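Report on one structure; see the data block that follows.
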Amino acid sequence: MISSPSTPATFAAGSLVLLCLVLGGGHFALAQKEGNDDIQHYTADDCQVTPVIHVLQYPGCVPKPIPSFACVGRCASYIQVSGSKIWQMERSCMCCQESGEREASVSLFCPKAKNGEKKFKKVSTKAPLECMCRPCTGIEDANVIPQELAAFADDGTLTSYFQKGQLRNSE
């Protein structure tokens, strides 16, 4: 189930739901769980344009701090067993990313400029115009480690079922 950024996702209490941590700009964010025992709502979308100081650097020039913007926040992500095909997983990994960009030109002072070169270097920089939760880079199925290999599996009903199924196939 994928929800729009303004609508919280809703999962039945019996659903297997694992939330992935989103790393963005050095911040870790995990969705907050709200609701009663029957229905759980995960509301985590909080992706905003944030003012930052960006230091522009160019070889031979004096670094120049300038006011800029960055996308900072958290977005809801999950992995769950498919409702229609219980042998498959449904994933939704969302990341706080730019939606449009602005460009600016800045002059840097370059005291080590050689003869004939200008003492000021004009450089271009970009910053996000707006930010929103968008799908992260796709995950290759080959990169997903099964729970049994990652040592996270418990002795639940499904784990026992799959182990028995593997034994029957190997006989």
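In case you wondered, yes, glycine gets a Cβ from its N, Cα and C as well.
According to Swiss-Prot, the signal peptide annotation covers 1-31.
Feature annotation from Swiss-Prot assigns disulfide bond to C47-C96 (among others). Its own atom aside, the Cβ of C96 (disulfide bond) has 26 Cβ atoms within 10 angstroms in the protein chains shown.
If you look up Swiss-Prot, you'll see 47-137 marked as domain 'CTCK', on the strength of sequence analysis.
Counted within 10 Å of its Cβ, the other Cβ atoms near C110 (disulfide bond) come to 17, all protein chains included. As annotated by Swiss-Prot, disulfide bond applies to C61-C110 (among others), with the evidence given as sequence analysis.
In the three-state DSSP classification, C71 (disulfide bond) falls within a strand. The disulfide bond annotation in Swiss-Prot covers C71-C131 (among others).
Annotation source Swiss-Prot lists disulfide bond at C75-C133 (among others), citing sequence analysis.
Among the features that Swiss-Prot reports, disulfide bond is placed at C93-C136 (among others), with the record citing sequence analysis.
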Cβ atoms near C61 (disulfide bond) (within 10 Å, other residues, all chains): 19
Spatially closest candidate among C71, C93, C133, the listed disulfide-bonded residues, to C110 (disulfide bond) (Cα to Cα): C71
Other CB atoms, at most 10 A from the CB of C93 (disulfide bond): 17
Inter-residue Cα distance where the pair is C71 (disulfide bond) and C133 (disulfide bond), in Å: 10
